[in-house]
Amino acid sequence: MAGTTIDPIDETILVKNQKICFVDTAGIRHRGKILGIEKYALERTQKALEKSHIALLVLDVSAPFVELDEKISSLADKHSLGIILILNKWDIRYAPYEEIMAVLKRKFRFLEYAPVITTSCLKTRHIEEIKHKIIEVYECFSKRIPTSLLNSVISQATQKHPLPSDGGKLVKVYYATQFATKPPQISLVMNRPKALHFSYKRYLINTLRKEFNFLGTPLILNAKDKKSAQTN
């Protein structure tokens, strides 16, 4: 709840022999109301997110969602964090499951890859599931794809649906390489990187998700020319 937490509160637990540090961040109000101590709390929340790997976005489903929920989710998206969507107070939800999910799909673009857990803190519903889901998402967030396998999947994808031409000129991918994890980041080395349309980029990302299971994980795909790839 906004205004009840000022400084982020840390607590570390052990799950499957792995330490998980939970940070309970400050609630965030609407932009026009962030003044004084709330501005300080927001700054502390931003810093906590910068040091985090996964965001647990907890939404109260006992009432319709508000603009505030979208603002909080955009912070997780901005920092390219792994994400788990938690729908709390599910036992007293304001609408049927189908209606709530339809609203979520309109509001949160990451829902296509984020796992959704319904909970009731009062009845301790699915609380243990959250811990295990964090481990699963973190493994995906840290995943590195073997280069040969990555290129095989990209090659099959471009053969199945060839890249659109650039003003009649051939556009092709020379090779792909994963250059970072947490989150996974992949470069496509191309002859015309600026010609990679966002819709085709989305097609490739969806293909990679289907093949390699990046649950709850943002997948960053960049296009470069050979010269840029050699200098990085």
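Heads up, residue numbers simply count up from 1 along the chain you see.
From the backbone N, Cα and C atoms, a Cβ is placed for every residue, glycine too.
Lifted from TrEMBL, the feature list:
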type: DOMAIN; residues: 2-89; note: domain 'G'
type: DOMAIN; residues: 144-223; note: domain 'GTPase Der C-terminal KH-domain-like'
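For the domain 'GTPase Der C-terminal KH-domain-like' (144-223), the number of residues in each DSSP class (helix H, G, I; strand E, B; coil) is 32 helix, 20 strand, 28 coil. Per-residue pLDDT, averaged across the domain 'G' (2-89), gives 75.
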